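According to TrEMBL, the features are:
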- A:37-58: transmembrane segment (TRANSMEM)
- A:70-91: transmembrane segment (TRANSMEM)
- A:112-140: transmembrane segment (TRANSMEM)
- A:160-181: transmembrane segment (TRANSMEM)
- A:193-219: transmembrane segment (TRANSMEM)
- A:225-245: transmembrane segment (TRANSMEM)
Amino acid sequence: MSLIQNKVQKNTVIHVNFLEAVKKQYHYKLHAHHSMFGTMIIMQIIAGLLTFSNQIYSVNSNNIDITVRIISADLIIGLTFLWIIIMAFQLTTKASKNKMVTFVTSKQTNHLANILFMITLCFIGGLTANLLGAFVKMVVSVMDQTDPFIYFAGTSVSEFATGILATIAYMLLIASFFYLIGEIVQIHSILIIIIPSVLVGLLFILGVNVEPIIGFYIFTKSLSIMLVKTLVTAFLLFFAATLFGNRLEVRR
Amino acid sequence: MIIHCENVSKSYNASKVLDRISFQVTEQKITGLIGRNGAGKTTLLKMIAGFWHTSSGNLEVFGNDPFNNLTVSANTIFVDDQMAFPETLTLWDLLIEAGRFYQHWDAGLAGRLFEYFQFNKKQFHHHLSKGKKSTFNMIVGLASRSPLTIFDEPTTGMDSAVRKDFYRALLKDYLAHPRSILISSHHLNEIEDLLEDILLIDDGNLVLHTSIDDMREYAIAITGNYSQLDAWINGKEIFHKEKVGINEMYVIMKNDVPTEEIERYGFHISSVSPNDLAVYMTNKTRGGIDDVFDSK
Amino acid sequence: MINVMTFTVLAIFVVIIVIFVIQKFSSNQKLNLTYKTKYKVLFSYIVVLLFATVIYLSFVQPKMAAIKIEEVHAPILYDIVYGEDGQVGELPEQFIKDEWEMEPINHEIEIALTSGMYDAYFSIPVVVEERNDQNQNVKAILYETPTTFLDRDISEQVSLAKLSIEGNQLSFYGEEEYITVYFRAIDKDMTVKQFLASHPYDVGNYFNFEQGEQVLYLSVPKKIKIKADEEFFDIITK
């Protein structure tokens, strides 16, 4: 005796468009990871406060001690870089993937949604880091203090825009690199030990020089060339990351 | 064809969890997956949901290999007490997010169930008690109206009133909006009235796949004189036998002997509930708990 | 600035404590922040910063840049005094700090370093030029070049020895033995500097500190005796 004599409505199989699925996942991540922006704001504000007392000492002669308080957005930008590293890692963890699996996902849509989300993080992080830098500079300029200015290097509007673009580009590069590392590490827990050891070994024991690699990006004098280098590398690294972890079971 | 499972095995760390399971689910039905703890129910369900690989065999859900398959993910929802939700979204936000993913999502139903079970919109999932979590997860599972809805021990932590409500809600919604439902439990007696089909699993093996009605008729219980009954059951398929009273035996056997023959011997026949049958068909070689306490 | 340092450290503590309190409060009181409020916070954060940046770039920065901090280049008096060929060269007129006329007592004048001066490396060349006239007075000219830091004149903050003349005594003295100076500087960010040619005064690159020099010039009549501690005063005859 079947419970249903007449099947009233057949629940037909739903077909999902890949890009639509990515879009839905992207919005989901945007909502679920709102705390990432919270940590960004906090880290940036702390960096901003630290910038206020960023001191570089110059002890010249034996009785003269000159201290220059140099204000720039470097510390804020640096901490924002650290922030994106942590966020990129967080997106590769099993916990993050398990949360996606509750709803509609595939490994590929998850990767793509993660990448779109990281691009969003980089844009907002890069923008706010530079804006906060200008804010701090403004406060220091306007604050009435007993120590005079020894040097004032202003930033023109075009330079400011350049700074924002460069910051975003670097963040994309860094995010893609650490996302890839995060994905590789997920494959086996032993890799968490092996990969850092290999990197440290390369650096110290074999004396592999990282400077040319970093210099490839840092020493580029032209903004457009630097953007091309950074963005192409980021694209390749992101693509490489999508190749990993696709056979991993989701152990809930 | 909704689920096609052909000689599917699963080994994990050199232990075989499932051994050549074969079955098919071709229609929209409520199928119960029954078995003892560790029988392999969760493993089977997670493979169907596409979370885990099969070690061997052929598993197809909606015509696809379910692992890493977007179509299967879109048409399936897996509900258990470990459903992972972001800690940063409130319960109400989670319902809204879920609604975005599932085409057949019924926001009205979700809202009414939410209110009925007295949830607070602004609460967080990880702050809920075990029972409340299961209840919320159940709401998500029901409201999604996924073509394949899987419930793995969904009533963990629920008190009996909530459990009754859950079964009733499940049945009502299923009748109004049919879909394929797999529900695993080791409390067959509780969900017996809910199920249409049953898959009985024991130690990684599929022991029985039949309708609930057929299962009610599958076996019979016979009581009678010990030595007489003992002689008569020789060669027949016995699921359970035990000594009762001073000189009587209680036997559960497959129902393939005509009733008249049994009554001619003066034995007493009674029916066997699916729940009891399930208990005796699984791990039937083990002795009873009494053996632990009985001295030699 | 110890004040700023303390302020910063305290501010960071306050921020951390505030975050802590919010966490505790929200989990206890079920004051839950939905993602919508968080995004409102983010949005206002960006808006405030944008606003501040516009003000900074349009108003504050041009005003600051207009304040010209002049670059100073001074000749090295040491090279003039201890010339290549042993001859004392022409001391630059524009760096005359002060001029005095003094009367020797018993054809004697005394130069001394009194108190308050860091004396470990103190050394002033005294250029003495004999005159052939009848005037018995001694004319003293103190030449002083500015102390520069990154080619900016910081003589105001870093003062050299002061000279006071009474009778036949020339007394060099100082006000502080140990001088501590603080400056502010605003620099471009590294992401901007990457694309610019390296600026010579790039604060991060080097700290160019040149201490000012002092030279005492004495125009003396004949047969004058100058009493001075050799350790501090190097008397050179022109």
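Backbone N, Cα and C atoms are what each Cβ position is placed from, and that goes for glycine too.
Within its own chain, the transmembrane segment (A:37-58) has Cβ neighbours under 8 Å at 65-76, 78-80, 82-83, 86, 121, 124-125, 128-129, 132-133, 135-136, 139-140, counting only residues six or more beyond its boundaries.
Among residues of the same chain six or more beyond the transmembrane segment (A:70-91), those with a C-beta under 8 A of the stretch's C-beta atoms are 33, 36, 39-40, 43-44, 46-48, 50-52, 54-56, 114, 117-118, 121-122, 125-126, 128-130, 132-134, 136-137, 140, 163, 167, 170-171, 174-176, 178-179, 181-182.
Residues 22, 25-26, 28-30, 33, 36-37, 40-41, 44-45, 47-48, 51-52, 71-73, 76-77, 80, 83-84, 87-88, 91, 155, 160, 163-165, 167-168, 170-172, 175-176, 179, 238, 242 of the same chain lie 6+ residues outside the transmembrane segment (A:112-140) yet bring a C-beta within less than 8 angstroms of a C-beta in it.
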